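Visitor: Structure in structure tokens, see below.
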Amino acid sequence: MSLLPPHVARRAEIVVDLAAIRHNVRLLAGEIGPDVALMVVVKADGYGHGMAQVAAAAREAGAPWLGVATFDEALALRAAGDTGRLLAWLTVPGEDWAPVVAADVDVTAYSLADLDQLVDAVARAGRPARLQLKIDTGLRRGGSLPADWPALVAAARAGEEAGHWRVTGIWSHPASADDPAHPANDAQEQVFRDALATAEEAGLRPEVRHIANSAATLLRPSMHFDLVRVGIATYGLDPAPGHTRDLGLRPAMSVEATLAMTKRLAPGDGVSYGHTWVADAPVTVGLVPTGYADGVPRHAGNTAHIGVAGVRRPVRGRICMDQLVVEVAGEGEEPAVGAGDRVVLFGSAPDPTAQDWAEACDTISYEIVSRIGGRFVRRWTDSERDS
Ligand SMILES: *Cc1c(COP(=O)(O)O)cnc(C)c1O
């Protein structure tokens, strides 16, 4: 992936364990049982883990479906050699649907305008499409509003009868599945059931009806229907902290860097821009050669922790563009690390996790893993196969 020479790769790395992905996929498949299909969502470069690598690992672990947002992502997966069922769901007017139809991707229509584009694409692709319809059951993001749904299903059925496509799926997306007591869950499930009934009356017989994301998969079995779309849980992160039980998911990503130097501070020394942290005792700090240009959130300044020789140590002062400072030893402690030693920004316990970073930065783990990148070099390992 990287054009940099290998010695540069050691400066700061994102290490992805593909065995963890396979483990999580198998665990989730066991959770939903044999009658529900699993779709592993690999959009956004596999939530920062590497789309093609995650896709291959997910297929190997038995995932029958993959999901992506954009056509570009779908075509990139096909170019990487993936031939299984694959759903894409985010387009803008004027995009060309023909290449994805030709590539055997299930496409999603939100509106009659989407169906018009698809009719044209099918003619050019020279083969019928696999079409899924999205109903907006309450998220008020993409999808057909319930008021527009009867017209959409009628047109979809007419197109099916005309041989343009087969309607393979009907789906929606929950707004608050990470909060099981939220009234939107019951409300959305009911709207979805009504929309399915309307589609059935119109003559549609979709293979897969689906609404669940990771949180609904783990917390709301009544939302499983025929298929669940699992993203964050595949990567070993908790979709609903505080609500889920410990399933044994394993974080696949570990973000690591080599200390550029360490130094001893005197009481009164301020650290990094603005001196927002001032040592009140003689402590030792380490220079971590990565920063916000690499996707390390600037909000982590003075709040997040870094794994140093298996101990969580505080980030001191502001995160800079290329660097940050971590306290590696407190007063009276001998530092366990020095220049050249590896530290872990986030990964798996006992090191801090992406969830710990999310809490420190007032965000969600999804944002932490999907934004990390920049000059980090990504490397894929396999803890079950590497010696
Ligand atoms: C991203 C996404 C998912 C996966 O959500 P998670 O919470 O990561 O499981 C599922 N469906 C759609 C439509 C998405 O955009």
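Placed from the backbone N, Cα and C atoms, the Cβ positions cover glycine too.
Okay, so TrEMBL annotates it like this:
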- Lys43: active site, proton acceptor (ACT_SITE)
- Tyr273: active site, proton acceptor (ACT_SITE)
- Arg141, Met321: substrate binding site (BINDING)
- 252-381: domain 'Alanine racemase C-terminal' (DOMAIN)
- Lys43: N6-(pyridoxal phosphate)lysine (MOD_RES)
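Thinking about packing and proximity, how do these listed features fit into the structure?
Guide: When other Cβ atoms within 10 Å of the Cβ of Lys43 (active site, proton acceptor) are tallied across all protein chains shown, the result is 19.
Taken residue by residue with DSSP, Tyr273 (active site, proton acceptor) is part of a helix. The number of other CB atoms found within 10 A of the CB of Tyr273 (active site, proton acceptor), across every protein chain shown, is 11.
Following the DSSP three-state reduction, the secondary structure of Arg141 (substrate binding site) is coil. A C-beta separation below 8 Å, combined with a sequence spacing of at least six in one chain, links Arg141 (substrate binding site) to His173.
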Visitor: In which DSSP state, out of helix, strand and coil, do we find Met321 (substrate binding site)?
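Guide: In three-state terms, Met321 (substrate binding site) counts as coil.
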Visitor: If you skip the near sequence neighbours and keep only those at least six away, which residues in the chain come within under 8 angstroms of Met321 (substrate binding site), Cβ to Cβ?
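Guide: Sequence-distant Cβ neighbours: Gly291, Tyr292, Ala293.
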Visitor: In whole Å, how far does the CA atom of Lys43 (active site, proton acceptor) lie from that of Tyr273 (active site, proton acceptor)?
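Guide: Computed Cα spacing between Lys43 (active site, proton acceptor) and Tyr273 (active site, proton acceptor) is 36 Å.
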Visitor: Pop the mean pLDDT for the domain 'Alanine racemase C-terminal' (252-381) in here, whole number is fine.
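Guide: Mean pLDDT for the domain 'Alanine racemase C-terminal' (252-381): 98.
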